[in-house]
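Read through the structure below, which is laid out as C-alpha coordinates, and then see the notes.
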Amino acid sequence: MGSRPRGALSLLLLLLALLSRPASGCPAPCSCAGTLVDCGRRGLTWASLPAAFPPDTTELVLTGNNLTALPPGLLDALPALRAAHLGANPWRCDCRLLPLRAWLAGRPERAPYRDLRCVAPPALRGRLLPYVAEDELRAACAPGLLCWGALVAQLALLVLGLLHALLLALLLGRLRRLRARARARSIQEFSLTAPLVAESARGGAS
(Lines of atoms letter the chains of each structure in order from A and count residues from 1; the text may use other names and numbers.)
(Lines give C-alpha, C1' and ligand atoms only; values in the text may rest on other atoms or scores of the structure.)
Protein backbone atom coordinates (compact mmCIF):
# COMPACT_ATOMS: atom_id res chain seq x y z
CA MET A 1 0.00 0.00 0.00
CA GLY A 2 1.52 3.30 -1.06
CA SER A 3 1.80 6.48 0.89
CA ARG A 4 -1.11 8.13 -0.91
CA PRO A 5 -3.69 5.48 0.01
CA ARG A 6 -2.40 5.52 3.60
CA GLY A 7 -2.60 9.30 3.67
CA ALA A 8 -6.14 9.33 2.26
CA LEU A 9 -7.18 6.53 4.61
CA SER A 10 -5.69 8.30 7.59
CA LEU A 11 -7.44 11.55 6.67
CA LEU A 12 -10.82 9.88 6.30
CA LEU A 13 -10.49 7.89 9.52
CA LEU A 14 -9.26 10.96 11.37
CA LEU A 15 -12.45 12.80 10.41
CA LEU A 16 -14.60 9.81 11.37
CA ALA A 17 -12.80 9.41 14.69
CA LEU A 18 -13.19 13.08 15.56
CA LEU A 19 -16.89 12.92 14.77
CA SER A 20 -17.43 9.75 16.81
CA ARG A 21 -15.24 10.42 19.84
CA PRO A 22 -16.99 10.13 23.20
CA ALA A 23 -18.47 13.31 24.57
CA SER A 24 -17.25 12.48 28.09
CA GLY A 25 -13.61 12.66 26.95
CA CYS A 26 -12.27 9.59 28.78
CA PRO A 27 -13.61 6.40 27.17
CA ALA A 28 -14.75 3.45 29.27
CA PRO A 29 -13.26 1.27 30.66
CA CYS A 30 -10.07 3.35 30.61
CA SER A 31 -8.83 5.81 33.21
CA CYS A 32 -7.45 9.23 32.35
CA ALA A 33 -5.04 11.58 34.08
CA GLY A 34 -4.57 14.77 32.15
CA THR A 35 -3.58 13.74 28.63
CA LEU A 36 -2.61 10.19 29.67
CA VAL A 37 -5.17 7.51 28.81
CA ASP A 38 -4.62 4.18 30.57
CA CYS A 39 -6.44 1.21 29.04
CA GLY A 40 -3.86 -1.34 30.11
CA ARG A 41 -4.71 -4.82 31.43
CA ARG A 42 -8.44 -4.55 30.94
CA GLY A 43 -8.91 -7.58 28.74
CA LEU A 44 -9.64 -5.44 25.70
CA THR A 45 -10.09 -7.07 22.31
CA TRP A 46 -10.70 -5.63 18.86
CA ALA A 47 -14.43 -5.63 19.58
CA SER A 48 -14.26 -4.03 23.04
CA LEU A 49 -11.56 -1.45 22.29
CA PRO A 50 -12.89 2.14 22.49
CA ALA A 51 -13.74 3.51 19.07
CA ALA A 52 -11.75 6.70 19.69
CA PHE A 53 -9.67 8.49 22.29
CA PRO A 54 -9.49 12.18 23.27
CA PRO A 55 -7.69 14.01 20.44
CA ASP A 56 -5.30 15.70 22.89
CA THR A 57 -3.99 12.35 24.20
CA THR A 58 -0.20 12.41 24.52
CA GLU A 59 0.31 8.96 26.08
CA LEU A 60 -1.80 5.87 25.50
CA VAL A 61 -1.45 2.62 27.45
CA LEU A 62 -2.83 -0.53 25.79
CA THR A 63 -0.39 -2.95 27.44
CA GLY A 64 -1.50 -6.40 28.59
CA ASN A 65 -4.74 -6.78 26.66
CA ASN A 66 -5.94 -9.33 24.11
CA LEU A 67 -5.42 -7.17 21.03
CA THR A 68 -4.51 -8.95 17.81
CA ALA A 69 -4.75 -5.75 15.73
CA LEU A 70 -5.86 -2.12 15.99
CA PRO A 71 -8.61 -0.47 13.95
CA PRO A 72 -7.07 1.53 11.09
CA GLY A 73 -6.61 5.21 11.87
CA LEU A 74 -7.01 4.80 15.63
CA LEU A 75 -3.52 6.12 16.40
CA ASP A 76 -3.38 8.48 13.41
CA ALA A 77 -6.37 10.32 14.89
CA LEU A 78 -4.21 11.41 17.85
CA PRO A 79 -1.97 14.21 16.54
CA ALA A 80 -0.52 14.97 19.99
CA LEU A 81 0.36 11.34 20.77
CA ARG A 82 3.99 10.98 21.85
CA ALA A 83 4.00 7.44 23.26
CA ALA A 84 1.83 4.35 22.83
CA HIS A 85 2.44 1.37 25.11
CA LEU A 86 1.40 -1.67 23.08
CA GLY A 87 3.36 -4.56 24.61
CA ALA A 88 2.05 -7.87 25.98
CA ASN A 89 -0.64 -8.27 23.32
CA PRO A 90 -1.06 -11.31 21.05
CA TRP A 91 -0.48 -9.48 17.76
CA ARG A 92 -1.49 -11.44 14.68
CA CYS A 93 0.83 -10.28 11.92
CA ASP A 94 -1.27 -10.28 8.78
CA CYS A 95 -2.75 -7.58 6.55
CA ARG A 96 -4.90 -6.31 9.43
CA LEU A 97 -1.74 -4.98 11.05
CA LEU A 98 -0.75 -2.86 8.04
CA PRO A 99 -2.14 0.38 9.59
CA LEU A 100 -0.22 -0.22 12.84
CA ARG A 101 2.91 -1.19 10.89
CA ALA A 102 2.64 2.06 8.89
CA TRP A 103 2.20 4.07 12.10
CA LEU A 104 5.27 2.44 13.65
CA ALA A 105 7.29 3.15 10.51
CA GLY A 106 6.55 6.85 10.94
CA ARG A 107 7.84 7.02 14.51
CA PRO A 108 11.21 8.75 14.98
CA GLU A 109 12.35 6.01 17.40
CA ARG A 110 11.60 2.29 17.22
CA ALA A 111 13.29 1.34 20.48
CA PRO A 112 10.10 1.70 22.60
CA TYR A 113 8.34 -0.80 20.32
CA ARG A 114 10.94 -3.57 20.20
CA ASP A 115 8.84 -5.72 22.51
CA LEU A 116 6.04 -5.98 19.93
CA ARG A 117 6.31 -9.52 18.62
CA CYS A 118 4.10 -11.53 16.32
CA VAL A 119 2.23 -14.38 17.99
CA ALA A 120 0.67 -15.60 14.73
CA PRO A 121 0.75 -16.81 12.01
CA PRO A 122 3.35 -19.54 12.58
CA ALA A 123 5.60 -18.27 9.77
CA LEU A 124 6.03 -14.93 11.54
CA ARG A 125 5.80 -16.03 15.17
CA GLY A 126 8.41 -14.31 17.32
CA ARG A 127 9.27 -11.67 14.71
CA LEU A 128 9.53 -8.03 15.80
CA LEU A 129 6.53 -6.22 14.36
CA PRO A 130 8.35 -2.96 13.47
CA TYR A 131 10.74 -4.96 11.28
CA VAL A 132 8.19 -7.12 9.46
CA ALA A 133 7.88 -5.98 5.85
CA GLU A 134 4.51 -4.90 4.50
CA ASP A 135 4.69 -7.60 1.82
CA GLU A 136 5.06 -10.22 4.55
CA LEU A 137 1.94 -8.92 6.29
CA ARG A 138 -0.03 -9.00 3.06
CA ALA A 139 1.18 -12.50 2.27
CA ALA A 140 0.01 -13.70 5.69
CA CYS A 141 -3.64 -13.14 4.78
CA ALA A 142 -5.64 -16.26 4.03
CA PRO A 143 -5.77 -17.21 0.32
CA GLY A 144 -8.63 -15.46 -1.41
CA LEU A 145 -9.10 -13.01 1.45
CA LEU A 146 -9.00 -9.44 0.20
CA CYS A 147 -6.89 -7.31 2.48
CA TRP A 148 -9.56 -5.05 3.94
CA GLY A 149 -6.95 -2.40 4.62
CA ALA A 150 -6.34 -1.99 0.90
CA LEU A 151 -10.07 -2.09 0.25
CA VAL A 152 -10.71 0.65 2.80
CA ALA A 153 -7.93 2.72 1.25
CA GLN A 154 -9.48 2.39 -2.20
CA LEU A 155 -12.90 3.32 -0.83
CA ALA A 156 -11.36 6.28 0.98
CA LEU A 157 -9.74 7.47 -2.24
CA LEU A 158 -13.06 7.10 -4.04
CA VAL A 159 -14.92 9.07 -1.37
CA LEU A 160 -12.27 11.79 -1.32
CA GLY A 161 -12.35 11.97 -5.11
CA LEU A 162 -16.12 12.38 -5.08
CA LEU A 163 -15.88 15.05 -2.39
CA HIS A 164 -13.24 16.92 -4.38
CA ALA A 165 -15.38 16.70 -7.52
CA LEU A 166 -18.41 17.97 -5.61
CA LEU A 167 -16.42 20.82 -4.12
CA LEU A 168 -15.04 21.75 -7.52
CA ALA A 169 -18.54 21.71 -9.02
CA LEU A 170 -19.81 23.96 -6.22
CA LEU A 171 -16.92 26.38 -6.69
CA LEU A 172 -17.43 26.50 -10.45
CA GLY A 173 -21.15 27.06 -9.97
CA ARG A 174 -20.46 29.84 -7.52
CA LEU A 175 -17.98 31.43 -9.92
CA ARG A 176 -20.48 31.30 -12.77
CA ARG A 177 -23.13 32.95 -10.62
CA LEU A 178 -20.72 35.70 -9.57
CA ARG A 179 -19.75 36.32 -13.18
CA ALA A 180 -23.40 36.41 -14.24
CA ARG A 181 -24.21 38.90 -11.50
CA ALA A 182 -21.24 41.07 -12.44
CA ARG A 183 -22.29 40.98 -16.10
CA ALA A 184 -25.89 41.85 -15.23
CA ARG A 185 -24.69 44.68 -12.98
CA SER A 186 -22.50 46.05 -15.76
CA ILE A 187 -25.37 45.93 -18.24
CA GLN A 188 -27.68 47.63 -15.76
CA GLU A 189 -25.15 50.36 -15.03
CA PHE A 190 -24.57 50.88 -18.74
CA SER A 191 -28.31 51.14 -19.39
CA LEU A 192 -28.57 53.78 -16.68
CA THR A 193 -25.56 55.84 -17.72
CA ALA A 194 -25.96 55.62 -21.52
CA PRO A 195 -28.96 58.02 -21.69
CA LEU A 196 -27.14 60.50 -19.48
CA VAL A 197 -24.07 60.37 -21.69
CA ALA A 198 -26.19 60.78 -24.82
CA GLU A 199 -28.09 63.70 -23.31
CA SER A 200 -24.85 65.33 -22.22
CA ALA A 201 -23.46 64.89 -25.72
CA ARG A 202 -26.54 66.50 -27.29
CA GLY A 203 -26.33 69.40 -24.84
CA GLY A 204 -22.70 69.99 -25.70
CA ALA A 205 -23.43 69.93 -29.43
CA SER A 206 -26.16 72.55 -29.10
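Placed from the backbone N, Cα and C atoms, the Cβ positions cover glycine too.
Features as listed in Swiss-Prot:
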- Cys26-Cys32: disulfide bond (DISULFID)
- Cys30-Cys39: disulfide bond (DISULFID)
- Cys93-Cys118: disulfide bond (DISULFID)
- Cys95-Cys141: disulfide bond (DISULFID)
- 89-143: domain 'LRRCT' (DOMAIN)
- Asn66: N-linked glycosylation site (CARBOHYD)
- Thr193: phosphothreonine (MOD_RES)
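Residue environment of Cys141 (disulfide bond) contains 18 other Cβ atoms, counted within 10 Å of its Cβ in all protein chains. Fewest other C-beta atoms within 10 Å: among the recorded positions Asn66, Thr193, that description fits Thr193.
Separating the Cα atoms of Cys32 (disulfide bond) and Cys118 (disulfide bond) is a whole-number distance of 29 Å. The candidate set comprises the disulfide-bonded residues Cys26, Cys30, Cys93, Cys118. Of these, Cys93 has the most other Cβ atoms within 10 Å. When secondary structure is read from DSSP and collapsed to three states, Cys93 (disulfide bond) falls in the coil class. Restricting the recorded positions Cys26, Cys30, Cys95, Cys141, Thr193 to those with a CA within 10 Å of the CA of Cys118 (disulfide bond) leaves an empty set.
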